[in-house]
Structure formats: structure tokens, C-alpha cells
Amino acid sequence: MKVGVYGASGRIGKLLLEELKGGYKGLELSSVFVRQKCETDFSSFSHAPLVTNDLKAFVKACECVVDFSLPKGVDHLLDVLLECPKILVSGTTGLEKETLEKMQKLALKAPLLHAHNMSIGIMMLNQLAFLTSLKLKDADIEIVETHHNLKKDAPSGTALSLYETCTKARGYDEKNALITHREGLRSKESIGIATLRGGDVAGKHTIGFYLEGEYIELSHTATNRSIFAKGALEVALWLKDKAAKKYEISEMFG
């Protein structure tokens, strides 16, 4: 399957190019979208991709777009994909409501998966968080996330997805249960997210379930960003030949 990388100059984008260098499990890098000159030398790649700043040409040259870009970039990408539908794997966080609505429209035309985190470990953490939230009904839930000092969105998309998992399990009001800045006493049906930024931390997420006299913490730490690139490519392989729909990463492993 021919893959196009959107957001190739970013941290994960560069790792995607490296993974696709020799062809990842039969995936071929066919196109790379760049707004400025690309730093990557493609002479050693098994196939020379189209490197372009023409978004339509980029999309037409591939069968699947793997996106790790910025929110505005995803919005522009979706405009083109709605005209020329292709499989979409997106790991970009902080998307606006209008962009998510465009994604839903694309799902009527092509298979896609949008996830805040593509790692297997986070998928398992979500499942454990749901089960623990359901079983420990009296536990207070708090989430702590830590990332590098250049991360733009806060809280992280992964922390918000974990929050959504816990609210669904508990039946909390998703819009009103979130606390990112706390003053005074803790309200019962609330879940706090604490955000830490520093150094070059790839990502750490911890969910605490606090009871009287004891507590449980579930934690995931990313020690190498390559897990996100490899995870995204595994998703691309899984989506091949799937029907048009917006899939959840839990379906892939469930």
C-alpha cells in the first residue's frame, strides 16, 4: 500500500520516514508533504517518494495518509481528502470542532482512525482505566500527564482520552466533570488532570484511584517516540480494505 506522510518535518513525521525507509511490512512511502525544503535525504530509500508542497498532488500519489501535523494543517488536509478520499490515520491533537466534523464526513467515504496516542500500552491503559473506574465506584480519580517542554497542547490529547474513558465508565457529565485548576474542596463527581512540562519527556500518563487507606496508580511511560510511528503504520495496515467508517483504536486490538 502506498503511504503519504503529512507533517514530515515534525518529531513523529521524521520517525515515520525512517520506519518507511526500507518499506515497513510492505508499505511504500509514495509521497511526502512539506511546506519548505525537506531535510531528509531520500536517495537511500527503497522507493523515491514525491516530495511536494502541492496538497492535491500529495494526496493523489498515495492510498493512505498518515498525519502527525498541526490542527490547521489537518483542516486543510481534510478539505482535499473530502474531494479525493483516501485512508486516513491521524495522530494530531488539539483539533477544533469544525475539523472533527469534517473528519466525520470523510468517514462516510473512506476508513479512518484518529487517536491521541497510537501505542499499544496506552490502548491497554484505557481498557484498565475503564474497568477500574467501573469497579472502584467510591475511588476519587486523578490524572497526571508529563511531556517535553515544547509540547503545545495542554492537557495532552491522551490525558483527555483517558478522562473520557473514566467519565463514560462512571456515567459522569463529560463537559462538567473536568478540573484542570482546583481551588478549595474537591467535588465528588469530578476528575482532575494535572499537566507537567519539562525537558525531553516523550510522554508519561498516570491515573490514580484514591480510596480510604489505600490507592491504585496505573501508569504508562513512553521511552522512545518510535512507538508512535510504528503504531500509526500498524493502524494503516489494519485499515487497508476496511469499509468506510471512523474506527477506534480499541477495535484494532479488541
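Note: Cβ is positioned from N, Cα and C throughout, glycine not excepted.
Look at Swiss-Prot and you will find His147 tagged as active site, proton donor/acceptor, backed by sequence analysis. Annotation source Swiss-Prot lists active site, proton donor at Lys151. The NAD(+) binding site annotation in Swiss-Prot covers Gly7, Ala8, Ser9, Gly10, Arg11, Ile12, Gly91, Thr92, Thr93, Ala115, His116, Asn117, Met118. What Swiss-Prot records for Arg35 is NADP(+) binding site, and it gives sequence analysis as the kind of evidence. The annotation (S)-2,3,4,5-tetrahydrodipicolinate binding site is assigned in Swiss-Prot to His148, Gly157, Thr158.
Note on proximity: of the binding-site residues Gly7, Arg11, Gly91, Thr93, Met118, the one nearest Gly157 ((S)-2,3,4,5-tetrahydrodipicolinate binding site) is Thr93, by Cα distance. Classification of Gly157 ((S)-2,3,4,5-tetrahydrodipicolinate binding site) by DSSP places it within a helix. Ranking the binding-site residues Ser9, Thr93 by other CB atoms within 10 A of the CB puts Ser9 at the bottom.
Mapped onto three states, the DSSP output places Arg11 (NAD(+) binding site) in helix.
Counting other Cβ atoms within 10 Å of each Cβ, the binding-site residues Arg35, His116 show the lowest value at Arg35. In space, Thr158 is the closest of the recorded positions Arg35, His147, His148, Lys151, Thr158 to Gly91 (NAD(+) binding site), judged by Cα positions.
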